[in-house]
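These features come from Swiss-Prot:
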type     : residues : note
SIGNAL   : 1-23     : signal peptide
DISULFID : 27-38    : disulfide bond
DOMAIN   : 34-145   : domain 'C-type lectin'
CARBOHYD : 47       : N-linked glycosylation site
DISULFID : 55-144   : disulfide bond
DISULFID : 121-136  : disulfide bond
């Protein structure tokens, strides 16, 4: 009886210690996980509109990558450096309604910015770690996130 209580108590301690931790997100094959989101880079060159549409077709809830911290930006820079042929990618930040209000294509709030200048469509240049304005018809690789 004493051994059963000891084993039960040990299991309870382990359960309680793990219950506060975040579960690791199980991303589909080819996608990488970071902070409860999945990311994938594609070497397909697309303009901003086609890139966003492409991402929404990859996986339910997927959009062009949105960046909410310096750490997340570093993760995406590494993903691009290791997986894409070009040192830049579209990001989901743009003036979606042409009313001077910027928002992420996934409708997330803009809390973190590293803008080189204000623009309509933005591209992230990895070696400079800056976001730059680019005509929306420019073609660039794609990083999707869900």
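Here the Cβ of each residue, glycine as well, is placed from N, Cα and C on the backbone.
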Just give the helix, strand and coil counts over the domain 'C-type lectin' (34-145), going by DSSP.
25 helix, 39 strand, 48 coil
Near residue 144 (disulfide bond), which of the disulfide-bonded residues 27, 38, 121, 136 can be found within 10 Å, Cα to Cα?
38
Just to be sure I understand the packing, how many Cβ atoms besides its own are within 10 Å of the Cβ of residue 144 (disulfide bond)?
25
Would you say which of the disulfide-bonded residues 27, 38, 55 has the most Cβ atoms within 10 Å of its own Cβ?
55
According to DSSP, which kind of secondary structure is residue 27 (disulfide bond) found in, if we only use helix, strand and coil?
coil
Spatially speaking, which of the recorded positions 27, 38, 47, 55 is closest to residue 121 (disulfide bond)? Use C-alpha to C-alpha, please.
47
Considering Cα atoms only, can you say which of 47, 55, 136 is the nearest neighbour of residue 27 (disulfide bond) among these recorded positions?
55
Out of the recorded positions 47, 55, 136, give me the one sitting nearest to residue 38 (disulfide bond) by CA distance.
55
